[in-house]
Amino acid sequence: MEDPYVVPDEVAAVLKTRFHIVFPVFIVLTIIINAACIMVTMRPKLRAYHCNTYIQLMAILDLLSSFAYLPFIFDNELCLYSSYTYAFYFTHFGWMVTHCLRALSNYVLLFLSYDRFLAIWYPDRFKVIKHKGISRRMFIVGSLLVISYIPVMYIGHVTPQPNNKWLGLAGIKVSNEKWTSFYKPFHFLITCVLPSIMIVGLSMGLIYGIFKKRILGSEGRKRKRQFFQTLAVLVLNITYVICIIPYLAAVMTYNIEKGKCYGPVKSEILILSHTHSFCFGRQ
């Protein structure tokens, strides 16, 4: 009988390179870059810019996500761990924290795109948006996302394996309870699919606004600043779409839940799943 926890040698080599060589380098670089970004966005001159609050939030979330990934660098072989402590951490806490931070980053980008959309198409409504309103909005969304992940944190299995290894299976995909069959697609919808669709729609609105020369309604220096802010948001959105669309297509085409530690899966889909996790988390 095929062991669902064993992957082909070629795939294992790719994943080992990613986990133990490339990933640690990117984690360190991400911590340095985002720490520098936070320091820059705290300058008094930049605080007056509307998008500065969102950029600062995204840098903070990415920095926290990088710290949450640190234990993963030292002890991971897919879903097998060398100690019960590591297995328990990632099964009930580590993965959920990183996924929650990633989902919150999605909504930060969504609200940034929405506000830039208002600035182009409905400038009067955009002018009433204050920094306190942005913080309040993100606090509410963040609280709801944390609440949505709490049921997921309690589900998971940590079992002993040969060679002093521990198997950690995390998330609602390992549960056979009836409520998880409804909660899983709903949770995936609100944390990934819904913000992705809205970001794509708002990006199309921004591009159309540029072609319609909506930004040219401003004057002089303000017009130039508005243009570069819109361009920066579009670059962020395009990066997001490039990272997320292949993953969404694979999820809707293949049964990825049965990959990695949950059963046999095509090698190309396994690599795609891990590549998405790597690239998207570091965008």
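Placement of Cβ uses the backbone N, Cα and C atoms for every residue, glycine included.
Positions annotated as domain 'G-protein coupled receptors family 1 profile' by TrEMBL: 33-247.
Counting same-chain residues at least six beyond the ends of the transmembrane segment (20-42), those with a Cβ under 8 angstroms from any Cβ of the stretch are 52, 55-56, 59-60, 62-63, 66-67, 69-70, 72-73, 278, 282. As annotated by TrEMBL, transmembrane segment applies to 20-42 (among others).
TrEMBL lists 54-74 (among others) with the feature transmembrane segment.
Non-local neighbours of the transmembrane segment (86-113) in the same chain are 51, 54-55, 57-58, 61-62, 64-65, 68-69, 71-72, 75-76, 134, 137-138, 141-142, 145-146, 149, 152-154, 156-158, 166-171, 191-192, 195-196, 198-199, 202-203, 206, 233, 236-237, 240, 280-281; each lies 6+ residues outside the stretch with a CB under 8 Å from one of its CB atoms. According to TrEMBL, the transmembrane segment annotation covers 86-113 (among others).
For 134-156 (among others), the entry in TrEMBL reads transmembrane segment.
Annotation source TrEMBL lists transmembrane segment at 186-211 (among others). Long-range neighbours of the transmembrane segment (186-211) within the same chain, counting only residues 6 or more positions beyond its ends whose Cβ lies under 8 Å from a Cβ of the stretch, are 99, 103, 106-107, 109-110, 113-114, 116-117, 120-121, 145, 148, 152, 172, 227, 230, 233-234, 237-238, 240-241, 244-245, 248, 251.
Per TrEMBL, transmembrane segment is recorded for 231-254 (among others).
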